[in-house]
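What Swiss-Prot says about this protein:
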BINDING   Cys3, Cys6, Cys18, Cys25  [2Fe-2S] cluster binding site
BINDING   His249, Glu273, Cys317, Cys405, Cys433, Cys458, Glu492, Lys494  hybrid [4Fe-2O-2S] cluster binding site
MOD_RES   Cys405  cysteine persulfide
Amino acid sequence: MFCVQCEQTIRTPAGNGCSYAQGMCGKTAETSDLQDLLIAALQGLSAWAVKAREYGIINHDVDSFAPRAFFSTLTNVNFDSPRIVGYAREAIALREALKAQCLAVDANARVDNPMANLQLVSDDLGELQRQAAEFTPNKDKAAIGENILGLRLLCLYGLKGAAAYMEHAHVLGQYDNDIYAQYHKIMAWLGTWPADMNALLECSMEIGQMNFKVMSILDAGETGKYGHPTPTQVNVKATAGKCILISGHDLKDLYNLLEQTEGTGVNVYTHGEMLPAHGYPELRKFKHLVGNYGSGWQNQQVEFARFPGPIVMTSNCIIDPTVGAYDDRIWTRSIVGWPGVRHLDGDDFSAVITQAQQMAGFPYSEIPHLITVGFGRQTLLGAADTLIDLVSREKLRHIFLLGGCDGARGERHYFTDFATSVPDDCLILTLACGKYRFNKLEFGDIEGLPRLVDAGQCNDAYSAIILAVTLAEKLGCGVNDLPLSMVLSWFEQKAIVILLTLLSLGVKNIVTGPTAPGFLTPDLLAVLNEKFGLRSITTVEEDMKQLLSA
């Protein structure tokens with residue numbers, strides 16, 4: 001096992017990365033190794049998808065499957081080894097079918113890629129794990145060095161984050177052939193074990209630029225189906241009655257669940273990154289969408305144990321449900337998996353609803369505590385002139401984009417302290433689950449404009465980018481000249497690709513934490529600092545002083 005993709009990876013003087021019987025996320029060495037094997041199979045599939053496009057062959061089954069299966073290897077998504085192997089077998093079957101299509105057009109069709117003809121050696125998981133050793137990401141570290149390995153992983157993990165957003169967009173009916181062609185090209189190239197530093201740096205920027213387009217179509221899918229988010233108050237306390245909790249990012253799953261629970265007497269609560277759903281008109285119209293439950297994903301083993309109903313996980317993040325003994329009432333959807341947990345293959349939630357009706361639910365309603373969400377792209381753009389007016393009248397000094405992933409590390413209290421230290425004449429724009437560090441606190445307003453503005457999920461960084469570009473255009477300056485600073489927390493690969501997106505668009509002087517990614521060497525961090533001004537957090541006092549004086 002070797003995995004260094006998330007923020008909680010093991011860090012020692014001898015090197016970084018989880019390389020024991022189990023990773024810090026709870027992933028076993030077996031599952032981790034089989035995910036490496038799956039990635040190799042997907043790289044071979046992408047190699048043939050690139051070749052097929054040369055012949056004008058576009059296989060939509062391949063295009064929809066490839067990012068989805070890649071998504072299953074993202075942190076805290078799928079811990080079920082047999083399902084990972086199933087994805088690998090499906091990847092190889094699709095590759096062979098695509099290869100046959102190419103050969104039907106050109107009998108001499110060939111692909112020069114080490115993954116292009118990969119076959120699984122056995123049905124036995126142990127044998128497959130031994131085969132996977134051939135594809136361990138750091139297998140040639142001694143030959144290439146840590147810097148090249150780090151750049152490879154930056155690209156691989158960034159592309160994995162983009163693949164997750166591609167799947168979210170695909171579920172909503174969004175497809176862009178150029179994006180998929182670019183994805184396959186990069187994925188196939190990474191399967192050749194590239195070792196050119198400049199090429200890898202260029203690739204990382206290409207991934208960021210591609211992801212900006214992905215976020216654009218995801219935004220179109222969400223707003224096209226469910227309307228543009230508008231500011232909405234959400235109760236974060238319990239309401240009496242039967243209940244279901246839904247977590248993850250998939251708004252379509254939430255919509256289907258709301259439709260199927262309507263009139264059943266079962267209330268629905270969002271959790272984690274599903275909180276922004278309350279801002280969408282077509283979702284909040286369901287009166288039994290009664291609120292949001294819990295805090296950051298890392299607290300789920302305590303909070304889910306206390307929730308008196310079933311739980312549905314639609315995407316990341318899931319962690320061991322046996323710890324809180326709720327594994328008999330947590331359900332997985334789509335690419336999510338945990339051994340022994342029931343999985344929903346389709347859109348039918350009837351079994352979950354039946355379980356909810358059989359459980360006690362909340363016995364009484366708590367005193368409501370309302371927070372505000374729903375500052376989507378349209379709302380943000382509508383406030384652009386107000387923001388400019390406040391700045392011109394010196395009522396608004398600075399905007400801090402304070403968001404990203406949450407996690408268990410104690411140093412993450414920095415982000416709570418930073419938020420509470422932001423001066424009263426400054427505004428906090430937040431997104432993603434890092435907001436749970438401070439989104440239930442009171443921040444007041446500036447002439448009626450809330451000082452805490454929740455823009456949505458992690459992918460809604462797109463809205464923040466569009467707002468920044470709009471403000472810069474209206475003020476006749478560059479984005480980096482705005483009174484705007486980005487202080488971002490990271491945990492997994494979606495955060496990595498958001499960072500690459502911002503860097504590829506030329507955004508500079510981003511501050512990140514709580515730690516630097518374990519796969520980035522001091523040399524690589526120095527390069528990113530020199531090129532983009534990217535740096536790690538220090539203390540709240542020092543960072544606040546520096547950012548306000550910039």
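Glycine is treated like the rest: Cβ placed from N, Cα and C.
Worth saying up front: this structure is predicted, and the values here are computed from it rather than measured.
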Cys18 ([2Fe-2S] cluster binding site): secondary structure state under DSSP, collapsed to three categories: strand
Candidates Cys3, Cys6, Cys25 (binding-site residues) - the one closest to Cys405 (hybrid [4Fe-2O-2S] cluster binding site) by CA: Cys6
Tertiary neighbours of Cys25 ([2Fe-2S] cluster binding site) (same chain, Cβ under 8 Å, six or more apart): Cys6, Gln8, Cys18, Thr75, Asn76, Ile319
Conformational class of Cys433 (hybrid [4Fe-2O-2S] cluster binding site) under the three-state DSSP mapping: helix
Beyond the site residues His249, Glu273, Cys317, Cys405, Cys433, Cys458, Glu492, Lys494: chain residues whose C-beta lies within 8 Å of the centroid, for hybrid [4Fe-2O-2S] cluster: Gly272, Trp297, Asn316, Ala432, Gln457, Phe491, Ala495
Distance [Cα-Cα, Å, rounded] between Cys458 (hybrid [4Fe-2O-2S] cluster binding site) and Cys3 ([2Fe-2S] cluster binding site): 23
Shell of the [2Fe-2S] cluster site beyond Cys3, Cys6, Cys18, Cys25, same chain only (C-beta within 8 angstroms of their C-beta centre): Val4, Gln5, Gln8, Thr9, Gly17, Gly23, Met24, Lys27, Ser32, Thr75
Greatest C-beta neighbour count within 10 angstroms, which of the binding-site residues Glu273, Glu492: Glu273
Under 8 Å by Cβ from His249 (hybrid [4Fe-2O-2S] cluster binding site), counting only residues of that chain that are 6 or more apart: His168, Glu273, Met274, Thr314, Ser315, Asn316, Gln457, Cys458, Asn459
Using Cα positions only, nearest of the binding-site residues to Cys3 ([2Fe-2S] cluster binding site) (Cys317, Cys433, Glu492, Lys494): Glu492
Among Cys18, Cys317, Cys405, Cys433, Cys458 [binding-site residues], residue with fewest other Cβ within 10 Å: Cys18
